[in-house]
Amino acid sequence: MASLTVPAEVPSVAEDCEQLRSAFKGWGTNEKLIISILAHRNAAQRKLIRQTYAETFGEDLLKELDRELTHDFEKLVLIWTLDPSERDAYLAKEATKRWTKSNFVLVEIACTRSPKELVLAREAYHASNKKSLEEDVAYHTTGDHRKLLVPLVSSYRYGGDEVDLRLAKAESKVLHEKISDKAYSDDEVIRILATRSKAQLNAILNHYKDEYGEDILKQLEDEDEFVALLRATIKGLVYPEHYFVEVLRDAINRRGTDEDHLTRVIATRAEVDLKTIANEYQKRDSIPLGRAIAKDTGGDYENMLVALLGQEEE
């Protein structure tokens, strides 16, 4: 379930734009007003606000926000205000600029989005960068990482619930043989993970556990970075809530907060399943996610995070 809260009666888009304009004027920026509007509008509403703001004031709202805000709060508001496909394109572009650790962001986008969402992200990437996501991923990666990531970001999986149980049995056997032999980057392993629907993969992994008595993830505990990428791929495809709980725990349960990871998860999941993720987080760590965030962050950044989490009044 989504965590985003939108008022039952939303002001007109013209009023939202006037209020945002007023937040930028005078002595200092009214961050509280910005949060009260943008943290409580869905993607379609935010898109209309951006369009109307530009038509009314002749200014790009994103550029105004960039001028007026700073640090982690600025980044969170900007990423949140983007259309979801634009946001994924931006995150993917940032990931291709960095070292291999950012490959996990590419896996996240490729595996936790719906087939249609991934297509829209690729289209947005193409429009903003004048080249394809696949092209950049192939250029910026090498070896086994390239072998896995290019088909993942290129994928257009079947998005329905129908499964072929006979095929699930056959391909669970293939996966077991390859993983037992530590042939982690075998063509068949990558073919199955990069092309099968999420429902089919779930059936494959269920049969794997029933037939061989062990969860596939237990057999992928090698410290090798490529194996970790495979684990992230499987979790993102089949157990997305668990995947995001791990990202959040890594971001806020260690010395020093990883604001990039925290910002990305909250901004990308608030309209999707952040409430479910927060529930799973509390089961795992026995502390509400909002309280954990409040312990590790502060100021307007904390206020925006907690607003998107739907826990302002707690």
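Note that Cβ sites are derived from N, Cα and C of the backbone, with glycine treated the same way.
A TrEMBL annotation is a machine prediction, not a hand-curated record.
What TrEMBL says about this protein:
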BINDING   Phe24, Gly26, Gly28, Glu68, Ile252, Arg254, Gly256, Ala294, Asp296, Glu302  Ca(2+) 1 binding site
BINDING   Thr297  Ca(2+) 2 binding site
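A sphere of 10 angstroms centred on the C-beta of Ile252 (Ca(2+) 1 binding site) encloses 21 other C-beta atoms.
Close to Thr297 (Ca(2+) 2 binding site), meaning Cα to Cα within 10 A, are the following binding-site residues out of Phe24, Gly28, Ile252: Ile252. Around the Cβ of Gly256 (Ca(2+) 1 binding site), 8 further Cβ atoms fall within 10 Å across all displayed protein chains. For Asp296 (Ca(2+) 1 binding site), the number of other Cβ atoms no farther than 10 Å from its own Cβ, over all displayed protein chains, is 18.
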